[in-house]
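Chemist: I'd like to ask some things about the structure below.
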Amino acid sequence: MADISGPPPSVINGPGIAGAPDPQHVQAVVAKRLDGLPVTRWHRRVLAVVGLGSFFNFFEVALSSLLVPLLPAAWVVTTTDKSLLISATFAGELLGAVALSGLADRIGRRRMFQINLVAYAVLSVAAACAQGPTQLIVLRFLLGIGLGAELALVDTYLTELMPAARRGRMLATAYALGMLAVPVAGVLAARLPHSLASVSSWRWLMVLAGAGALCVYLLRRNLPESPRWLAAHRPTEALAAVERIEETAGLPVTAVFPAAPALGLGNQEGGERPKLWGSALRKRTFLVCLMETLGPVGFYGFASIAPLVLLHKGFTVVDSLTYLAMTAIGYPLGCYVLMHLAERIQRRTLVIASSLLVAVAGTVFGLGDSVWVIIPAGLLTTLMSVINATVSRAYGAELFPTAVRNTALGRTYSLSRLVAAILPFCTLPVLEHLGAGAVYVGCASLIALMSLAVAALGPRTNAVALEGI
């Protein structure tokens, strides 16, 4: 271990240093060293593995609506069945987010990454074997439980590991990989033969998802634990973890123990575990709850019923899926655009601007009847909704302290799953009785309200250490 200058040995108990550790100072040291690292090939490898895991979450979001037109006519799928099929995975994620996200704050980020993907892989293959709509609904609900803590964990892990000056850009890059799932699912749904080797195409989609998730599980076994989590729970291991990261990245081990910076609101990790609705975090918890309630109305309200909207407008199943596959390019493209904006524009500003643009473009999509209107409006809606959803998640992850970050993100994220699960039961009847315009104008109004909340309550976070926000 490199020579150390700074506080006396009793302040920190790293490898080769005697004395009991001071958790708050360990936190400061770990934060300073992680935020001071340049982005290296090691960071990019971690980002790729984590981003590939999120791929399957977005693949499931796409399948929620794409599966409905592909199911066999012999199943006699009712309107209620369609609503349940679209919402089943979201309802499972709601339960998983509430029940599992807190575990990542207790047992560690790395271990939860393994649990999530194994559960999803097994249940996705099981769902491919469903023999009727009821079985499929139940199995998709169960696999949703496995996915429930995934996105909150992605946000938490990358937010804690990536340098402060590049945090937003790196998270956007990870989501760009994940969002590739949406156009991939759209192309597969539109172009796979209805029956391949005597197996229906929708079954192949779920088998492919399960097999891919198992491959990513094997890659994730080599991920390190978050040093920030270690600093809050096992401080004697935290500095060793940072040193391993520095060595693996091919960088010299840092030889400085900085003085502890002033901790931001709610970020004092020593002492009593902070409460989400306590005085320090109440306003932030309320804001993120609003973002996770109103934001998904734009993201899922526009996207989840889009195939049925196009069918309602008179397009064929094949044409509808083809048009949606074209507009789905906006999902990875939105993340690509965000990669270049995330550190140049305050995240709160990006949330506000993108939500307003989603409202406008989505309304045009809902009111349009021409392909020349629907495809550009759909592309802009998906692009801006991805920017909005991704930057909202990055922004929310920055607002909570390490000790409760994943718990906070999981519980607030569960609200988005609740909204996504309920939306089909609200939007499909409106679609049938009032048309697509009414659906999308309503969604646009709600997401515009979110922009007002962020403008009123949101702090600035760009390039600020997590412990100082």
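Yeah, the Cβs are placed from backbone N, Cα and C, and that goes for glycine too.
Those TrEMBL annotations? Automatic predictions, nothing curated.
Annotations per TrEMBL:
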type	residues	note
DOMAIN	46-462	domain 'Major facilitator superfamily (MFS) profile'
TRANSMEM	46-71	transmembrane segment
TRANSMEM	83-103	transmembrane segment
TRANSMEM	115-133	transmembrane segment
TRANSMEM	139-158	transmembrane segment
TRANSMEM	170-190	transmembrane segment
TRANSMEM	202-219	transmembrane segment
TRANSMEM	285-309	transmembrane segment
TRANSMEM	321-342	transmembrane segment
TRANSMEM	349-367	transmembrane segment
TRANSMEM	373-391	transmembrane segment
TRANSMEM	412-431	transmembrane segment
TRANSMEM	437-457	transmembrane segment
Chemist: In the same chain, who gets a Cβ under 8 Å from the transmembrane segment (83-103) while lying at least 6 residues past its ends?
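Modeler: For the transmembrane segment (83-103), the sequence-distant neighbours (Cβ-Cβ under 8 Å, at least 6 residues beyond its ends) are 60-61, 63-65, 67-68, 71, 77, 112, 115-116, 133, 136-138, 140-149, 152-153, 300, 304-305, 406-407, 409-411, 413-414, 417-418, 420-425, 428.
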Chemist: Any chance the transmembrane segment (115-133) and the transmembrane segment (321-342) have 3 or more Cβ pairs under 8 A, given the pairs are 6 or more apart in sequence?
Modeler: no
Chemist: If we call contact 3 or more Cβ pairs under 8 Å (sequence gap 6 or more), are the transmembrane segment (285-309) and the transmembrane segment (349-367) touching?
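Modeler: Answer yes, regions in contact.
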Chemist: Can we call the transmembrane segment (412-431) and the transmembrane segment (373-391) in contact, meaning three or more C-beta pairs below 8 angstroms at a sequence separation of 6+?
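Modeler: No, since the transmembrane segment (412-431) and the transmembrane segment (373-391) share fewer than 3 Cβ pairs closer than 8 Å, they do not count as touching.
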Chemist: With pairs fewer than 6 apart in sequence excluded, do the transmembrane segment (139-158) and the transmembrane segment (437-457) have three or more C-beta pairs that lie under 8 Å?
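Modeler: Between the transmembrane segment (139-158) and the transmembrane segment (437-457), which are separate recorded stretches, there is no contact, as judged by 3 or more close Cβ pairs.
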Chemist: Of the listed stretches 139-158, 349-367, 373-391, which one has the most C-beta pairs under 8 A with the transmembrane segment (321-342)?
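Modeler: Counting Cβ pairs under 8 Å, the winner is 373-391.
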